[in-house]
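Reading through the structure tokens given below for one structure.
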């Protein structure tokens, strides 16, 4: 296991990084409905800018492998995933009770292809984490991801599946500590809630607080039990500008990196904190927003960049295009190239837009108080936590065809979290248990039972992936639970008769 805090081989901040970029051409076709502010079309606009600025040729471009049911169930309840898979606009009127139970219908509407949309954006984030875990890139990008409000058993704030939690769980297979940073204008409540009681994931959210969705993220919400001081919240008021934002962001994040020493960083780059956002009330420029990406990149730690909010879609595309350039270490020129969505960016047709002259309601005194309080919280963390265990969950392999379809003889319970190799191993051990029991009966008949001794392997490595989620993450894995075999393995006895060996 990585001990955390390792620098990338790419060297100092000015050196280009190896970047993996995840994009599905179909993602822009999903439609939340007329008048809904969330528009997946913004991802397609971003991709078009990247193509015409020539940035795609500097990256590995991957189509994400869709997340499977069992991948989503690593965090989400199986009945919730089953509901998302089966609900359609045509059948929703017959499932009003379920719609209410899972908070689907208003902010989170049912639309054509809903489950495929969830599989796509979650697959991109988990795929990025897998690439980082295998050391195949320094930075992974999935602008379709970053849906930070989704909970274990319900949708929330335009988010159905929490791809961020799934990606962090993947990163935890390789890294002892993972840092999550959220610069969306809304509090990253779903991610904070998932890791509120663990010291292996630190969550830091910069957000508008006070009579604003989702209403959580008070500065005094700092985590619980082992997770105390591992959740940090930076509550901000309307109109915050670049200077005020980085007066907080840089010293706080610098101290977090120094004290927590993460092995990997996940940065949610919600663009609704930009000036002029349809739902937002901050006053950040695109360069000010991207400065957060540049700063986190400078620590040379494996970095996963995700999207999030952002409802003035021309500015969302501008922002994420520019931040892709920051990730690559490429300066993107302001004059926009001709492309299929060129008319969206008139009348100036430039990448950057000037912030407004709105009032900054964040006084220097209030910023000083916030900074001092959060730095005080961080001073209580004397050392980065260390995780001691002798095994880890099996690494997620790079996507291939589903083994259940390839070999019907190797089928297993879909809810099981064990790999095929683990299943073969388990069957072998169960078979050995039967054989050994027969040997034991024969020996008992001959009066030689005292020569046989066994040891219990209930903590067998085949069951460890399930135990990890229960013991370390504090999550109810629901359908991931399996019946542990009580397997006895006989020690070899050199005194056995030859016909029994």
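Placed from the backbone N, Cα and C atoms, the Cβ positions cover glycine too.
Annotated domain 'Histone deacetylase' per TrEMBL: 36-324, in sequence order.
In sequence order, 37, 38, 39, 272, 277, 278, 279, 280 make up the list of same-chain residues 6 or more apart from residue 311 (substrate binding site) whose Cβ falls under 8 Å from its Cβ. Feature annotation from TrEMBL assigns substrate binding site to 107, 157, 311.
If you look up TrEMBL, you'll see 149 marked as active site, proton acceptor.
Residues or ranges marked as divalent metal cation binding site by TrEMBL: 184, 186, 272.
Per TrEMBL, region 'Disordered' is recorded for 386-418 (among others).
Summarising the annotation, TrEMBL assigns compositional bias 'Acidic residues' to 397-418.
The region 'Disordered' annotation in TrEMBL covers 436-459 (among others).
Ranked by Cα separation from residue 149 (active site, proton acceptor), the binding-site residues 107, 157, 186 are led by 157. Neighbour list (residue 107 (substrate binding site), Cβ cut-off 8 Å, at least 6 residues apart, same chain): 155, 156, 157, 158. Of the chain residues outside the divalent metal cation site list 184, 186, 272, 185, 207, 270, 273, 279, 280, 308, 309, 310 have their Cβ within 8 Å of the site's Cβ mean position.
Averaged across the domain 'Histone deacetylase' (36-324), the predicted model reaches a pLDDT of 98. Close to the recorded substrate site, the chain also has 37, 38, 149, 158, 159, 213, 279, 309: residues not among 107, 157, 311 whose Cβ is within 8 Å of the site's Cβ mean position.
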